[in-house]
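Peer 1: Straight out of Swiss-Prot:
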- G135, H136, G137, S138, G139, D140: ATP binding site (BINDING)
Amino acid sequence: MRNIIVEPLNQTPIEDQKVEIVERKGIGHPDSISDGIAESVSRALCNAYLDRFGAIMHHNTDEVQITAGESAPQFGGGEVIKPIEILLTGRGIAEVDGEKIGLDRIAISAAKEYLRDNIINLDVETCTVVECKIGHGSGDLRDVFARKGRAPLSNDTSFGVGFAPFSETERIVMEAENLLNSPEFKKKYPAVGEDIKVMGLRENDNITLTVACAMVDRYVSDLEEYLEIKNVVKDEVFKLASGITERNLEVFVNTADRCEDDEPSVYITVTGTSAEMGDDGSVGRGNRANGLITPNRPMSMEATSGKNPINHVGKIYNLLSNQMAADIVESIEGVKQVHIMILSQIGKPIDHPKAATAQVILEDGYTMDDITGKVSGVMDAWLEDIPSITEMLVKGQLRTF
């Protein structure tokens, strides 16, 4: 019997609160690059372990540090003067029953592949230096297969949190960044780089969006063209947001620009990321497991990217909580808003947490008796199927930032 608790949440629903703040750091932000590299290295190791040994061995690659380079962007195309330095750290199994695996090679290759796929104007070979300092350990397959068919044991006493549904402001912030960094948008407007941050502020029924968007200098001939692209970004974000909300909208783009000065200062880059010129990055310093930073909502400070997907509850429970919450809202009539909290106890099976709690705000006309059993059922089913979280992570089907 799992310890599942369902209780009413005595709180003003998010859409009725007077002030709401939401942030998303796009995939080209240095903190998000660190998250993306960490997770891609973990996923590459998982698949290498499965191919070689038939099981995922212990590892954590959630310590990626980006030290910014130096660049000289200019209209028409500038240059990277000093490369971006990327340090991969953490720990991983490099030898199993006397058989070695190329851990460093796999990690560096995964990091570079991630950069090529996601920061498309970055010359990975000449503009980055990737160094691997992941600690090496050894493993025993007998220990791994001894637990086959049983839930892994929690690596820590930790908790995960999630919520659903997204508010209008949360949807707008998430979808605006996704739009600007979509392949279709990049093909149409190649000057728009990947380093995009969207900050949303809702004051009652007025939503203000502030977008920071790195432009790629080689695709921008002069200040006039730069301003044209800024207007495109503004108009496209406004159009997207208007399809989500009927609230009043205002969109600002690159508000630090100084276009009227004798020597204009604008946000142009050589590569599309500010990591090229002074902005460092670290894992876990940006988006939470659901892709947003939401001070109005419950959040965990745990970084999810790069942690092992087998028994690291700081990763698994945060992702599981969000899956649970979304499922509850979508499948159970009468649930207006739900917060999920799951607490582990070190050394105990991860499918039997110390506590799994759902805090629920109901739609008008419903009682807790109407939904408690159904909510418990959804949570119990997800805990029973917790290996599916691991499977989705290994296949790259779950967002971790």
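Using N, Cα and C of the backbone, Cβ positions are placed for all residues, glycine too.
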Peer 1: Taking the Cβ of S138 (ATP binding site) as the centre, count every other Cβ atom within 10 Å, in any protein chain shown.
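Peer 2: Its Cβ shell of radius 10 Å holds 13 other Cβ atoms.
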Peer 1: Across all the protein chains here, work out how many other Cβ atoms are within 10 Å of the Cβ of G135 (ATP binding site).
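Peer 2: If we count other Cβ atoms within 10 Å of G135 (ATP binding site), we arrive at 13.
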Peer 1: Fewest other C-beta atoms within 10 angstroms of its own C-beta: which of the binding-site residues G137, G139 fits that?
Peer 2: G137
Peer 1: Taking the Cβ of D140 (ATP binding site) as reference, which residues of that chain separated by at least 6 in sequence fall under 8 Å from it?
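Peer 2: When sequence neighbours closer than 6 are ignored, D140 (ATP binding site) has V96, D97 within Cβ distance under 8 Å.
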Peer 1: Identify, in sequence order, the residues in the chain of H136 (ATP binding site) that are 6 or more apart from it along the sequence and have a CB within less than 8 Å of its CB; answer 'none' if there are none.
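Peer 2: H136 (ATP binding site) has long-range Cβ partners R91, G92, I93, A94, E95, L103.
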